[in-house]
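Here is what Swiss-Prot says about this protein:
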type: ACT_SITE; residues: E100; note: active site, proton acceptor
type: ACT_SITE; residues: C345; note: active site, S-methylcysteine intermediate
type: BINDING; residues: C120, C124, C127; note: [4Fe-4S] cluster binding site
type: BINDING; residues: G167, E168, S197, S226, L227, H228, N302; note: S-adenosyl-L-methionine binding site
type: DISULFID; residues: C113-C345; note: disulfide bond
type: DOMAIN; residues: 106-340; note: domain 'Radical SAM core'
Amino acid sequence: MNISLLEGKKVVLLGQNVAKLEKLAQEYGEPAFRGRQIHEWLYQKGVRKLEEISVLPKLWRTTLSDQGVCTGRLEEVKRLVANDGTIKLLLETSDRESIEAVGIPTNSRLTTCVSSQVGCSMGCRFCATGKGGFQRSLEVHEIVDQVLSIREAFDRRPSHIVFMGMGEPLLNIESVLESISCLNNDLGIGQRRITVSTVGVVNTLPQLAELALAKLGRVQFTLALSLHAPNQHLREMLVPSAKVYPIQDLLSDCRHYLDITGRRISFEYILLATVNDKVEHAEELADLISGFQSHVNLIAYNPIDEEDYQRPSLARINRFMTVLQSRGVAVSLRASRGLDQDAACGQLRHQHTRLD
């Protein structure tokens, strides 16, 4: 009998590594290779239901199902396909919460944008996710499933993973790091192709560095800090959490993170027309991050309902980039994908929730 079941804990197969699945099999009196078979069918074949793992003895499958063991796969409730090939999925959890995952294809790569929470509590003024409120953090299998679901939608393995969907990853550090371990070791996606984005949460950056080293052995994923403003006053207007986490304290923690991990930090900066996209803002930003081993990723705003912010003109975007480049800042502009299908973070869930 499975010890975990005797303790009354829910047993979800997705998110568990080979060793844990082998142990599970042995706790039921099955040989260890049964655990390896479950692992193969979960991660390579992408099976959704336990009864579909036909290589397992039928009696054991029935026993597992009767005792509440499940794969942990989520249900796809809606799919949007943009003209550029971007696919956004609305997935439903076992407790009927909705989360989003987005697949962004190019010729050579498939980037999957995953959510770490149901909703978000950070309240960034320009973001649709917070409009629907915060419900809870996601479990490991719910994060990993998003990658498998995008793989199914495109019939190819995602090459890159970005934790830039719904939620604040650093408010769910344990599950995020465990899911990174699973994506790396069980799905074969290299850490260097994984990015974790944060708006900044007090005391979490040093914790992230230390926990990542403990759980992953080494830190190779990229940390992306969603800065969005070059000074404290403007950041407080756009990112309410900045009121309790001053920008200089945030950057000090970034330096500490860099010292521990040795990994370059990427700064995310969403451009809002006439709000934070002026020449003086670009100059301030260059001053603010001088001395960092960093890269600035500019994001042209995707308009959402209920907010008056606008997307800057291409001329204003190019001017902002030129100022940064003239100051020696490594900068890129994220290509806007899925604009015709509400691909901005949180839009699909927000609309679905309002309809319900």
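The backbone N, Cα and C atoms fix where each Cβ goes, glycine too.
Taking the domain 'Radical SAM core' (106-340) as a whole, pLDDT averages 95 in the prediction.
Cα-Cα distance from G167 (S-adenosyl-L-methionine binding site) to C127 ([4Fe-4S] cluster binding site): 11 Å (rounded to the nearest whole number). In terms of Cα distance, none of the recorded positions chosen from E100, C113, C120, C124 sits within 10 Å of N302 (S-adenosyl-L-methionine binding site).
All protein chains considered, the CB of N302 (S-adenosyl-L-methionine binding site) has 20 other CB atoms within 10 Å. Residue density at C124 ([4Fe-4S] cluster binding site): 20 other Cβ atoms are found within 10 A of its Cβ, drawing on all protein chains shown.
Comparing the Cα of C120 ([4Fe-4S] cluster binding site) with the Cα of every entry in E100, C113, S226, L227, H228, these being the recorded positions, the smallest distance points to E100.
Applying an 8 A CB threshold to same-chain residues 6+ apart, the list for S197 (S-adenosyl-L-methionine binding site) reads V162, F163, M164, P169, A224, L225, S226, E268.
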